[in-house]
Amino acid sequence: MKKRTIATGLVTLLSIVTLAACSKTNQNSKIATMKGDTITVADFYNEVKNSTASKQAVLSLLVSKVFEKQYGDKVSDKEVTKAYNEAAKYYGDSFSSALASRGYTKEDYKKQIRSEKLIEYAVKEEAKKEITDASYKSAYKDYKPEVTAQVIQLDSEDKAKSVLEEAKADGADFAKIAKDNTKGDKTEYSFDSGSTNLPSQVLSAALNLDKDGVSDVIKASDSTTYKPVYYIVKITKKTDKNADWKAYKKRLKEIIVSQKLNDSNFRNAVIGKAFKKANVKIKDKAFSEILSQYAAASGSGSSGSTTTTTAASSAATTAADDQTTAAETTAAE
């Protein structure tokens, strides 16, 4: 299931690094004084600039500025507000405290969302350029068409086993059993092999069932609490796979692009390409290695950190996907 992360915010650090990297005059500004000594902005900057968090903060600031300049007109305020409202709805009354605990204001979080959406736009556009007939055919081989299913979700394995026995009994009314026992209100789902509306274990097991087939108990993990969750699935609608991949061309394209979005190497390459176009240069030796992963991914031959794009995209903006930090929301996009 797709997620938006309220990343462990580097907003305060971003402000600090920006403040500390100002002109020499400002660097001499006093932060604190004491008998016989002072602490200046420059003192503070020199103290914090070598930390991993500071490097991530500078990297995030670079990503935000570069992508805003190159793709700023591609993401509307309406899109950002929609994603923000979905996150707020997910968290409910605890949303403000979730933001505050990570050093965010509401506007900070909207900026995070915007930066991530700018990156997503760029990655999608680059991914579309690379799609060939060979790409479609490869995706088609693994593709399983959409099915419709009745789904029972339970928190207890013992309860799941008991419900399964009832569901597999002769003449059982699976729809009623699902309605009476499932956690939550929804019992009917439609999905294919590229869907994210159910855990991957459930999708895999369900898509291998025949029409009217009932699964065994499928164990998965709750994406927010990480506690075990148990599923029972019955397929109510299933069609044979068309022999012509072109029948699924639109859906295959969506799946290919989605896979690229989740490919950290591809994302790094797109970010690296944007940095190159912007002629980004690092002037402070303390931050000399922060672009290495993007240079390597974009084919410049540089070697460097294998840190995922979370530092750049999610910390600047998710992690989501997902990612991930302790605070997440299933704000679907």
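Just so it is clear, glycine is given a Cβ too, placed from its N, Cα and C backbone atoms.
Taken from Swiss-Prot as is:
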- 1-21: signal peptide (SIGNAL)
- CYS22: N-palmitoyl cysteine (LIPID)
- CYS22: S-diacylglycerol cysteine (LIPID)
- 144-237: domain 'PpiC' (DOMAIN)
- 296-333: region 'Disordered' (REGION)
Residues of the domain 'PpiC' (144-237) by DSSP state, where helix covers H, G and I: 27 helix, 27 strand, 40 coil
Whole-number mean of pLDDT values that fall within the domain 'PpiC' (144-237): 96
